[in-house]
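Participant: The following block contains the structure, expressed as structure tokens.
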Amino acid sequence: MPPRKKEYGIKRASGSLVHFRAPVSATTIRRHSAVVPSVLTFAVIVASGGLLLMIEKGMLNSVQTPPPRANGRKVEYRLRSSSDTAADVESQIVQEIRNRTIRSVCGQRNMPHSVWSLSPLQRKTLLQHILVNDEHRFLYCYVPKVACSNWKRVLKVLSGALANVDIKVKMDHRADLVFLSDLPPEEIRHRLRHYFKFMFVREPMARLLSAYRNKFGEIEAYQRKYGAEIIRRYRKGYAKDKKISGNDVTFTEFTRYLVDEDPERMNEHWMPIYNLCQPCAIEYDFIGSYERLESDASYILERVGAPQHVRFPERQTWYKPVTKETLHYYLCTVPQKFLKELLPKYILDFSLFGYPLPNTTTEYCRH
């Protein structure tokens, strides 16, 4: 057996290692100073932009990538072409940016530093969104509208509940899945300390638009429960005694509803990612992104030692992507005053995960 290769990453204050896929020289990335979250937002965007520009220029393409380790088990690694190297390095840089940013923001005195320092409501929400796989020793915090249904399929295949990810069955989002909230405190502590922990993020406004189009355009239960209430609250001139189906909520009405909602009590499909997964309270080993879903998911499957035949599902043919043009169109239909009230509710999702704030100026929206 060849000697085990060195692991790469940065050590947290607790001594644990944040894993990356390849080494990068110290001159590649500069340290960011810790500042309060409101100021950090813009500093992160500027710093991230410079690093990603370096990636686009191909400055790091020659760095070699070691195979990920998988909890000490032998893994039949998927074959990787040489063209994957640049993508691996780019992903590593994105991880480095996110980890430095998270450490800066989460180092503030008023931020939670463990699961047990959260309020009962915050802890309940978090533990109900973390899925457990004991065989491969990992925890996955799922975020609705960030490919979580496909990840649940993968977990069911790994546990033997499904033969493969392509089986055409209606997804039951609770059956055959183990949630961290199902376990007693001592077992929760053990898994948080010893298991590989990951989550996936998405551009916050694209995630909201995806939820809006899906839930209010296709799901009758959401139209009745939320759509009808939104119309009663925010639509001018509607007759109070008129029966409302809730299937024609506008995106502006939806944003007004979000502005008035408490982020900690929102429906999970539009609750901020920060509130769902609490990245300050849990030290995630890997934070993947929807924008790099295929490569990041492939890395996770290798990292946890998934069998060769287990793969991440392809997107369904009926899937309607949120393109930049589509997002631009919808955001520009919302009055500026509502967006200015909405964005602060998701400011930690933008700043922690390195997403720039959307440009919705009048000049930009003319195009």
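The backbone N, Cα and C atoms fix where each Cβ goes, glycine too.
The topological domain 'Cytoplasmic' feature in Swiss-Prot is assigned to 1-34; the stated evidence is sequence analysis. Marked as transmembrane segment by Swiss-Prot on the basis of sequence analysis: 35-55. What Swiss-Prot lists as topological domain 'Lumenal' is 56-367, and the listing cites sequence analysis. What Swiss-Prot lists as N-linked glycosylation site is ASN99, ASN359. The 3'-phosphoadenylyl sulfate binding site feature in Swiss-Prot is assigned to 144-150, 202-210; the stated evidence is similarity to another entry.
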Participant: Highest CB neighbour count within 10 A among the glycosylation sites ASN99, ASN359?
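Facilitator: That would be ASN99, with the highest Cβ count within 10 Å.
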Participant: What are the non-local neighbours of VAL146 (3'-phosphoadenylyl sulfate binding site), defined as same-chain residues 6+ apart in sequence with CB under 8 A from its CB?
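Facilitator: For VAL146 (3'-phosphoadenylyl sulfate binding site), the qualifying residues are PHE200, VAL201, ARG202, ARG207, ILE273, TYR290.
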Participant: Could you check the binding-site residues MET205, LEU209 and say which one's CB has the most other CB atoms within 10 Å?
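Facilitator: The residue with the densest Cβ neighbourhood is MET205.
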Participant: Reduce the DSSP letter at ASN150 (3'-phosphoadenylyl sulfate binding site) to three states and note it down.
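Facilitator: DSSP call for ASN150 (3'-phosphoadenylyl sulfate binding site): helix.
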Participant: Tell me, by DSSP, whether PRO144 (3'-phosphoadenylyl sulfate binding site) is helix, strand or coil?
Facilitator: coil
Participant: If you average per-residue pLDDT over the topological domain 'Cytoplasmic' (1-34), what number do you get?
Facilitator: 43
Participant: Determine the Cβ neighbour count for CYS148 (3'-phosphoadenylyl sulfate binding site): the number of other Cβ atoms within 10 Å of its Cβ.
Facilitator: 20
Participant: What's the CA to CA span in angstrom from ASN99 (N-linked glycosylation site) over to GLU203 (3'-phosphoadenylyl sulfate binding site)?
Facilitator: 17
Participant: Given the binding-site residues PRO144, ASN150, GLU203, ARG207, which one has the fewest other C-beta atoms within 10 angstroms of its C-beta?
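Facilitator: Ranked by other Cβ atoms within 10 Å, the binding-site residues PRO144, ASN150, GLU203, ARG207 bottom out at ASN150.
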